[in-house]
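Features of the protein shown, as given by TrEMBL:
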type	residues	note
BINDING	Thr131, Val255, Gly563	FAD binding site
DOMAIN	46-331	domain 'Glucose-methanol-choline oxidoreductase N-terminal'
DOMAIN	441-582	domain 'Glucose-methanol-choline oxidoreductase C-terminal'
TRANSMEM	7-27	transmembrane segment
Amino acid sequence: MFLSKEWFLPLYTICVTFFGLLLYLSYHTDIFCLSCDETDNSNIVFDYIVVGCGSAGAIAARRLAENTKIKVLVLEAGKHGNFLLDVPVFGLLLQQSAYDWQYQSIPQTNSCFGLQNNVSMWPMGKIMGGTGMLNNMIYVRGYPEDFNHWFKDKEGYEFFKDILPYFKRLEEWDYKGKTTASTYVSNLTFTTKLADSILNAAKELGYPLLDETENCIKGFGLPKINVKNGQRWTPAHTLLEQKMTNIILRTNRVVQKILLHDNFEAYGVKYAYKGQEYVAKATKGVILSAGVIGTTKILLHSGIGPKKHLNDINIETKIDLPVGENLQDHLTTGFDLILFNQSLGIGIEYIMSPFSPLEYLYSGTGPWTTAGCEALAYFSTKDNQEAVPDLQFMVMNVGVNEDRGLYLRHMLGVSDEIWDKYFAKLKSNVTATILPILLHPKSRGNVRLESNRPNSAVLIDPKYLSHEYDIDILIKGIEIVRKLVETREMKNMGASFNTNIFPGCSQFDFGSKEYWRCYVQHLTITSYHPVGTCKMGHEEDETSVVNYDFEVKGTNNLFVVDGSVMPTLTSGNINGAIFLLAEIASDIFKYKDFLSRGRCIILEIFIESYVCKNYY
């Protein structure tokens, strides 16, 4: 170790406080922003307005602007990032800062008993790049059957024709002779000895080892991450790098509602900026990419949603659709179940070593590039070899008690009682975590507004663990973790399984199904992958909000492109699937525009030219 335990905690506290000060300055001033001269002009009419510059919004805006005749306005509620926020290891510190919406669930009745007030913390990025600036940067496509299920009712759909080419386009910087990538996908540049040990342990148990993990094939392997030259890289980075002159980007603009004509054609948005309200107009489309919560909130305030809920909060119902329903999320548990009698080489004392920033600045490698996750695995609890994976495992190189309770436990929302009686007692140990992640939960929740005020709080009720299946799968995941820890490989590394009794579960025998059921219901943690509140589906599907053209049903020129349209969760981290949806949607919008231009050319033979003025 580079720092002794006696003084690394005070130094860590100073560093976190200093970083927090930098976050405050960067958010509330333009100290780090080199191009923040933004003014609003209500006289400009755009072709498209994109609401939100996270993963989906950045891709949609950039693809549309590839036609230089198209004018795109992007409205982002957060602010610009800066070089400091692009350092991968600092991503977690953005949570619960001004760059985080800091959403929380309502108190849960079947889960989260070990969290403060039974509430699940839901960090989401309020920044250029969206939640991609706060996450573990893991890039996963998904399992083919995930997409087959989404588009099962779409005529002519084929995975290898309609899905795979888009993944190749968004990943490859030189695809068919063109620079087309929306993001950057790379291998890990830093791992500890934990990664090799886990892979060897998996091999010892007979699990296959994978060369690639992005396709969610069952087995263990190293993850791909969205990092370029040591920097966190999102589609928003690609957008800014290309400096497209026909895109107008405005930050710190909070969109409140959609403006609709009497025929439900979207023609603009109303948004707030520095205490004032503004209107922006578009002739070809308004694209909502504000995320599973933000998009839902905007639609509900616009009168598009469940009639009963809108009536309850005195919002006039314009279109009765199940907006806010079908909420689902990847769930996990099992923090700090692995104890070691030696350092893994990634503790906070290594991150704060003076050699780490030097290595990062010199070569873009080292502890500062860590994604937090060192290995990925996919597993099916069913005997059928063709079955879709129902468990993912993320191997995390630190535990909750790594910083002795100064920050990480608050990020997860761990209650004071659970901290004092469980995690704090592990401070003399080196801990690590293999997170078992429930990939396809059967529990479904919803999102509601508290009132009709524009700044109304959002009531998020994921209804975690309301279905017994979800508990059973997580318990099976913990059992697999225990088998891994008890392999010869892991024992030789000094690992042991944490047998400390979890508070609130002492009435059950440790290791029994009843014990783990209690444990899972207490330590219920989101994987930050909520989806589904604006479900995509066939026009005749009464549970869907948008059709396969991403258009809100019953409207014209109003589209949704983000994780909220996902009918179900994919078999892994969702960011790659969101990239995919944005790529598909962008081509659909381009094609619709092409057809509109063609119709206008024909009509102008018989009608005066002003009919088609919007298409020039």
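The backbone N, Cα and C atoms fix where each Cβ goes, glycine too.
Worth saying up front: this structure is predicted, and the values here are computed from it rather than measured.
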Next item on the list: Tell me the residue counts in helix, strand and coil for the domain 'Glucose-methanol-choline oxidoreductase C-terminal' (441-582), as DSSP assigns them.
Entry: 44 helix, 23 strand, 75 coil
Notebook entry, point to check: Within the chain of Gly563 (FAD binding site), which residues six or more apart in sequence place their C-beta under 8 angstroms from its C-beta?
Noted result: Ala56, Gly291, Val292, His529, Pro530, Val531, Gly532, Ile574, Ala577, Ile578
Notebook entry, point to check: Along the domain 'Glucose-methanol-choline oxidoreductase N-terminal' (46-331), what average pLDDT does this model show?
Noted result: 94
Next item on the list: Please list residues from the chain of Val255 (FAD binding site) whose Cβ is under 8 angstroms from its Cβ, counting only those at least six apart in sequence.
Entry: Val51, Leu75, Ala77, Val269, Lys270, Tyr271, Ala290, Ile298
Notebook entry, point to check: Going by DSSP, is Thr131 (FAD binding site) part of a helix, a strand, or coil?
Noted result: helix
Check: Near Thr131 (FAD binding site), how many other Cβ atoms are within 10 Å of its Cβ?
Finding: 27
Checklist line | Most distant Cα pair in Å, residues Thr131, Val255, Gly563 binding FAD | finding: 18
Notebook entry, point to check: Helix, strand or coil at Val255 (FAD binding site), per DSSP?
Noted result: strand
